[in-house]
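Down below is the structure, laid out as structure tokens.
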Amino acid sequence: MTRLRTAALVGNPNAGKSALFNALTGARQKIANYPGVTVERKAGRMFLPSGEPVELIDLPGSYSLDPASPDEEVTRQVVQGDFPGEPVPDVLVVVVDAANLEQHLVFAQELIALGRPTVVALNMVDMAERDGLVLDADALSAALGVPVISTVAVRKRGIEALVEAMGDAEKQDLSARHEVAGQSLPERRLAARNMTRGAILSEDSKHRLHAKLDKVLLHPWLGPPILFALLFIIFQAVFAWATPFADALDGGITALIGLVEGAMPAGVVRDFITEGVLTGVGSVVVFLPQIVILFAFILAMEQSGYMARAAFIMDRLMAYVGLSGRSFIPLLSSFACAIPGIMATRSIADPKDRLTTILVAPLMTCSARLPVYAVIIAAFIPATTVGPGIGLQGLVLFGLYVAGIVGAMVAALVLRRTVAKGGASGFIMEMPRYQMPPLRDMAIGLWQRAWVFLRRAGTIIFIATIALWVLLSFPKAEPGESQIDASIAGHVADGMHVILSPIGFNREISLAIIPAMAAREVAVSALATTYAVEGADEEEEAQGLIPRLQAGWSLPTALAFLAWFVFAPQCISTIAVAKRETNGWKWPIFMLVYLFGAAYVFAGLTYWSAVALGL
Ligand SMILES: Nc1nc2c(ncn2[C@@H]2O[C@H](COP(=O)(O)OP(=O)(O)OP(=O)(O)O)[C@@H](O)[C@H]2O)c(=O)[nH]1
Ligand SMILES: [Mg+2]
């Protein structure tokens, strides 16, 4: 008895393999795991035009035969006939997405070069046509040297022709199949581009425009400077646009404090409300406009389709430090918060790649640092311009973000050569369509972001600030003694100050960075509360935080504080997530030590250089 003939569906993720599988087999499928691995083996039966039954298997999506994950390893072994117990497929059905043809043809060429009987399903032609692109399957077939059938898997269009081609596939003259492409990845990429261009029957102006946009935005030399220029503009806007809103919020809070002071008798309760709640928490809330502006830009970049292009551009740059574009999305989410960023590393198959990404994620400037940076910049960096339309404050903020990115890249480079040795893996990704960001989605996304920020202010920041206020307010000072000197928090700060004074930190900073472990923004509310408690004691007029900072801190101290926050892992939740995602304490402790070490060294270097420069 001859064995049952087999065919396999293979191609990039999301090409529509499973949809074609269902169309070809009527979804009569048997699902089991491949022996030894937890990758699903999906097989079903279909019939050739001759009536002959064929076992069709649906393989997991893959970008190349050079496996980067267990799924891809199974795909590679099956198509090469290396998988124990799995016969090499008699026919390969290579599925490509017509709307992403150029990328999918890279892997398709590698599969065709195996020299097996092969049919290409040019799937999702409906999507390509929606985008204004009509492709010529015959031209593509001539270029690839194998039959190419246009299909729309979900509408069962082209299925009959595909089955027919599969039936004829074993009659293919394999020796006559001309060399489809070069063997190296750059050669295949180039060939993919030429073949795609050659297969275009018609293209509408919108599609042509999008293709032109890609040509510029993804250009190896133009792409990166455009990305950096865009980021630069974002940070300019964060300062320039937020100021009127932040001032209004600030005015509102000051007015509230005035109201409470007028309406309540002096005492502990009034102090609690004015110094702890309104001054402390309020000092963080005023940064809401900045957060909203930053996220408006990030959301617009995501929804317009540009973000995936940014990942593509970064892939090349990240390869230099041993990371791949796969790390880009986790690292990008870390700009909002390292916690979702670290959780998103689950999509990185290589364990060392993933570990490195987890360890450097806290260096990405999370939104919790923004209030800290913004308050110090507002107090110490003059709101002047250093060129046409270039504000110095925005420039410094941009510099701090860049410092975090450079720090992360250097850390990754070192980690990849030491504790997480390994090379970079290749990465090809789908490009979504360009579109105008839908206003509704933007509004919803912004509202969610703003709400996350306000909820933090109302919970963790509130609690940490109140706890600090209590520790600052008791025991009460003797007449003539300063309240801070007398308080519990003051004693703790004196101890911390011994370690931190060499890097230029004063007692207020020493006091603020402990509660800031709960959340970085607490550094701001803690400073505000500390000065409020101190001020009340000296019976000073109520003053804002910024004039207090200007009066009490030297510029080198302020700069050292900024440098500290670029590196310091001031966030217990991030440490906890790192522990969960690495299954133990080893890596989170490593992370704490190396980041606090870097924070101390760089704050110190900043302080001493600033002092030496006479700032
Ligand atoms: N419009 C359109 N959508 C399609 C077509 N083929 C598949 N899809 C859709 O594209 C998405 C991905 O299809 P799948 O069949 O899951 O892709 P796959 O290649 O099996 O993906 P992986 O298993 O992840 O590698 C699904 O939402 C399908 O419904 C098509 O020809 N036209
Ligand atoms: Mg599938």
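Yeah, the Cβs are placed from backbone N, Cα and C, and that goes for glycine too.
Record features, source TrEMBL:
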- 4-172: domain 'FeoB-type G' (DOMAIN)
- 216-242: transmembrane segment (TRANSMEM)
- 248-269: transmembrane segment (TRANSMEM)
- 276-300: transmembrane segment (TRANSMEM)
- 320-343: transmembrane segment (TRANSMEM)
- 355-383: transmembrane segment (TRANSMEM)
- 395-415: transmembrane segment (TRANSMEM)
- 452-472: transmembrane segment (TRANSMEM)
- 558-577: transmembrane segment (TRANSMEM)
- 589-610: transmembrane segment (TRANSMEM)
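Between the transmembrane segment (452-472) and the transmembrane segment (248-269) there are fewer than 3 Cβ pairs closer than 8 Å, counting only residues 6 or more apart in sequence, so the two stretches are not in contact. Sequence-distant contacts of the transmembrane segment (395-415) (same chain, six or more residues past either end, CB-CB distance under 8 Å): 231-232, 235-236, 238-239, 318, 320-323, 331, 355-357, 359-361, 363-365, 369, 373-374, 377, 381, 386, 562-563, 566-567, 594, 598. Among residues of the same chain six or more beyond the transmembrane segment (248-269), those with a C-beta under 8 A of the stretch's C-beta atoms are 278-279, 282, 285-286, 288-289, 473, 542, 544.
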